[in-house]
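Per TrEMBL, the features are:
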- 63-84: transmembrane segment (TRANSMEM)
- 137-157: transmembrane segment (TRANSMEM)
- 163-182: transmembrane segment (TRANSMEM)
- 257-279: transmembrane segment (TRANSMEM)
- 308-331: transmembrane segment (TRANSMEM)
- 343-363: transmembrane segment (TRANSMEM)
- 386-496: domain 'TMC' (DOMAIN)
- 395-413: transmembrane segment (TRANSMEM)
- 500-524: transmembrane segment (TRANSMEM)
Amino acid sequence: RDSQQADTEHLSRWKKWRRTSKKSLKKALSEIKGLSSYLVLWRHDIHSIEGKFGTGIQSYFSFLRFLVLLNFIIFILMFGFVTLPTIISKYGIFNSTVAYISPKNIEDVCTVYEPSGNKGLVYFYTYLKDLLSGTGFLELTSLFYGYYSIDAVWISIMRYNLPLAYLLATFAYLALSFLWIIKRSVEGFKHNLVHDADPFQSYCNKVFAGWDFCITDPNAARLKYRSLQYELQTDLQEEKQKQKIAERTMEEKLRIYSLRIFINIIVIAILSGCFYSIYRVTVFSQENSNVSIRNDTRTDLVNLLVQYLPSMVITLANFIGPLIFSFLIRFEDYTPAFEIKLTLLRCVFVRLANIGVLLFSLWSQISDCASDKCKPCGYNYKLYPCWESDVGQEMYKLMIFDFIVILAVALFVDFPRKLLVTHCSCKLVQWFGHKEFEISDNVLEIIYGQTICWIGTFFSPLLPAIATIKYFIIFYVKKIVLIHTRKPAARPVRASSSNFFFLVVLLIGLLLAFVPLGVSIAHIPSSKACGLFRNFSTSWEVIPDTILKFPTGLQQVLFGMASEAFAVPFFVI
């Protein structure tokens, strides 16, 4: 300290001021960081859950918070660059003017689009049907792609190219999601490396350096104590399982591996059955959903059920599949952490592949060109005059139905079960007992919903707002279900590995979302009767069309960046 003071005395005034300023800034930033931690969403709730149920379950709620923030930012992005300019132009705010898209070189038959908007006296159940299916009055709102028909917005002398903004905003929210997930995954990967490098070192860190001596509140101390207890239980459970695996005889290994092969054959059979069922139901629904008699209430109800048939079958597959997989995994004798990962991978394949099968079924109908159905327009214009809005409605229905199922399970399954177990002494009821909080199933629910949101946002720009509200409500629903109807896990799960693996599975969902979006943007002809891209053969064509208006030198640079010679090495790096 004396030597530091001696060094300081020999410094010039400028260097002294710089050193003092640097220290003050560092202290101010530290204080701001400490204060900002109190503004973190659900901070107290998540700490409380960590203390009562362990870090594994806490990681699920932290993951849910991340998705709330991600969807909110995606909503701000789409609203700010797509919906808000449309609203400003339509109402003439800031002296703005608008240029609507007029069809060019398009046959008249391709431009016919008559949304089923409600006219005259409308019954309440019709509004309810429209709210659930995205048809009727909702089809004509900014929720769906077909609402946007503006080519450019003029504010003073500035021209705002809305088709280009729509496509770039789509790329931006996908890139933002990708980079944010990668950033968080790297942090989780570091934790995994530290833990896996030396288990004994990890154990010593928890015992000798795990306590936070800055804690003064008794409740916070109790939560920290429980958190460390769960971590140590997890370590001991994993070591016990590793020892058990090491002591297996050759006969036991042969029996386990044979059983695992047999179980995986059953899993593949279940997946194949799910995919075929969804394909057949989607084709049936699309062919029969428009056949209804408007004056008959019963027919409207039947039509709603036909429209929701793919969503119901997908939800049924998503519900039954994980239950079967969770039952089968018990016989495969894996560690608790690996059980969660393998179950999650199987279930995520079911759920995400189900979405893929649904979209493939829709595309097969949209591109069904038998009997010259597509000849004038390039797609099945009679069944799908505005196919982007139809796909958006399917994604909207999946999102709404998934939310309804989550609420229904909490209200009509979890709480009645808790009441029966508490107040009924029947042996059959007690055999079911208190259910544990299944981390893999709950994580899968929100990853499935997020994948729907990523795919659907291009066709329904305000879908992230619905996802944000949905996840916000789900947080409190799951918290109440956890506290009042669940018991702590018999086999604890580590938070660090869970967080990392959740993000890896979420990244798989995002990468799978790239495929249908890429096909929709670059391959399927855009609708000629609605939307921003009606004068382009595909949505992607707005990019080269815009680049051709740039100076020649800039055109060459941009086209060079888009070539395979540049793009392939760039994405590999």
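Easy rule for this one: first residue shown is 1, then count along the chain.
From the backbone N, Cα and C atoms, a Cβ is placed for every residue, glycine too.
Because TrEMBL annotations are produced automatically, they should be read as predictions rather than curated entries.
Counting same-chain residues at least six beyond the ends of the transmembrane segment (395-413), those with a Cβ under 8 angstroms from any Cβ of the stretch are 132-134, 143-144, 307-308, 310-312, 314-315, 319, 355, 358, 445, 448-449, 452-453, 455-456, 459-460, 463, 466-467, 470, 473-474, 477-478, 480-481. Taking DSSP states H, G and I as helix and E and B as strand, the domain 'TMC' (386-496) has 86 helix, 4 strand, 21 coil. Confidence for the domain 'TMC' (386-496), expressed as mean pLDDT, is 83. Long-range contacts of the transmembrane segment (257-279) within its own chain (CB-CB distance under 8 A, at least 6 residues past either end) are made by residues 310, 313-314, 317, 321, 324-325, 328, 331-332, 346, 349-350, 353-354, 357-358, 360-361. Among residues of the same chain six or more beyond the transmembrane segment (500-524), those with a C-beta under 8 A of the stretch's C-beta atoms are 59-60, 63, 167, 170, 174, 177-178, 181-182, 184-185, 188-189, 191-192, 340-341, 344-345, 348, 352, 355-356, 359, 363, 366-367, 379, 387-388, 391, 443, 447-448, 450-451, 454-455, 458-459, 538-540. Proximity of distant same-chain residues to the transmembrane segment (163-182), defined by a Cβ-Cβ separation under 8 Å and at least 6 residues beyond the stretch ends, is recorded for 70, 73-74, 77-78, 81-82, 85, 148, 151, 454, 457-458, 461, 464, 503, 506-507, 510, 513-514, 517, 521, 532-533, 536, 539-540, 542-543, 546.
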